[in-house]
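**Q** Just dropping this structure here.
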């Protein structure tokens, strides 16, 4: 029973979602030549770091979690694990994760993990989430760290491919998170969390969602234009972006914003999973010509 509680406080759903993106970044950089020990070290290392961040987040958010229907039954809110024990647990998870990334992958992968962790726990959870409408934007940077860690674990270098991945996953986070804030509007309002839909209104949030999806669509295409992913990836990226944008535009005419937002959120998961899979299997081999070559 205790094992279940210690697992729940790490938010396994978030860990699983991040692992999909780590695999995407790792296999994109591997280009068919997979170092399996490095692969395992990277996956386990990122999992532990993400788990640590989630436990710290649960500790920090104990007060506001009590006010939200979605989170009122979390382990720390119900007192199933003491706050002190959770801090020790989170610290041990983090140390183990960072050590695996440093010694099993490379220092760059570890430092990227540290930066993502600091942004999520130190900047987003401790301050921005509670005090600024820009909290989601800051948090998106930490959410984009896992695929970049996977990529840089292989390359050992933060190149344009890593920058494109950072852009794709950061931009994806915004409409994904705003959709959650719309269909969980009352929860965020009750907890006094200044997310965009609550502070500026749902209509403004819809405008932001549309603009971020357009920016996301452009960013996804850059992997092929830059010579990192193939044309099958390009087709899938274009298709999911157009469909997601269409869903966003239909939001201006819907009668039930919550139902629409849930559908938009659901498709965001499908979209990022599809892209992660496609970049894993449809990569460009070294020295391949890319479309930007013909432009210049």
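Cβ from N, Cα, C; glycine included.
Annotated topological domain 'Cytoplasmic' per Swiss-Prot: 1-9, 57-78, 127-197, 248-268, in sequence order, evidence recorded as sequence analysis. If you look up Swiss-Prot, you'll see 10-28, 38-56, 79-97, 108-126, 198-216, 229-247, 269-287 marked as transmembrane segment. Per Swiss-Prot, topological domain 'Periplasmic' is recorded for 29-37, 98-107, 217-228, 288-296, and the stated evidence type is sequence analysis.
Are these features on the surface or tucked inside, and what are their neighbours?
**A** Using DSSP to sort the residues of the topological domain 'Cytoplasmic' (1-9) gives these counts of helix, strand and coil: 7 helix, 0 strand, 2 coil.
Helix, strand and coil content of the topological domain 'Periplasmic' (29-37), in residues and according to DSSP, is 4 helix, 0 strand, 5 coil.
Remote same-chain partners of the topological domain 'Cytoplasmic' (57-78), defined as residues 6 or more beyond its termini with a Cβ less than 8 Å from a stretch Cβ, comprise 5, 8-9, 11, 86-87, 90, 120-121, 125-126, 129-130, 184, 186-188, 190-193.
Taken together, the residues in the topological domain 'Periplasmic' (98-107) have a mean pLDDT of 98 on the 0 to 100 scale.
Within the same chain, residues 42, 45-46, 49, 52-53, 56-57, 60-61, 94, 97-98, 101-102, 135, 138-139, 141-146, 148-149, 152-153, 156-158 sit at least 6 positions outside the transmembrane segment (108-126) and bring their C-beta atoms closer than 8 Å to a C-beta of that stretch.
Within the topological domain 'Cytoplasmic' (127-197), the DSSP-based counts of helix, strand and coil residues read 57 helix, 0 strand, 14 coil.
Beyond the ends of the transmembrane segment (198-216), by six or more residues, the same chain brings 133, 168, 171-172, 174-175, 178-179, 181-182, 185, 188-189, 241, 244-245, 248-249, 251-252, 257, 264 to within a C-beta distance below 8 angstroms of the stretch.
Among residues of the same chain six or more beyond the transmembrane segment (229-247), those with a C-beta under 8 A of the stretch's C-beta atoms are 28, 175, 210, 213-214, 216-217, 220-221, 223, 260, 263-264, 267-268, 270-271, 274-275, 278-279, 281-284.
Remark: secondary structure over the topological domain 'Cytoplasmic' (248-268) totals 15 helix, 0 strand, 6 coil, with classes taken from DSSP.
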**Q** With a Cβ cut-off under 8 Å, give me the same-chain residues at least six positions beyond the ends of the transmembrane segment (10-28) that come close to it.
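**A** Here the qualifying positions are 34, 39, 42-43, 46-47, 50-51, 54-55, 57-58, 93, 146-154, 161, 165, 169, 223, 228-229, 269, 272-273, 275-277, 279-281, 283.
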**Q** Which sequence positions outside the topological domain 'Cytoplasmic' (1-9), separated from its termini by at least 6 residues, show Cβ-Cβ distances below 8 Å to it?
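**A** Apart from its flanks, the topological domain 'Cytoplasmic' (1-9) reaches 54-55, 58, 74-76, 80-81, 86, 89.
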**Q** Would you list the DSSP helix, strand and coil counts for the residues of the topological domain 'Cytoplasmic' (57-78)?
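**A** Final tally across the stretch: 8 helix, 0 strand, 14 coil.
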**Q** Quick one: DSSP breakdown of the topological domain 'Periplasmic' (217-228) into helix, strand and coil?
**A** 9 helix, 0 strand, 3 coil
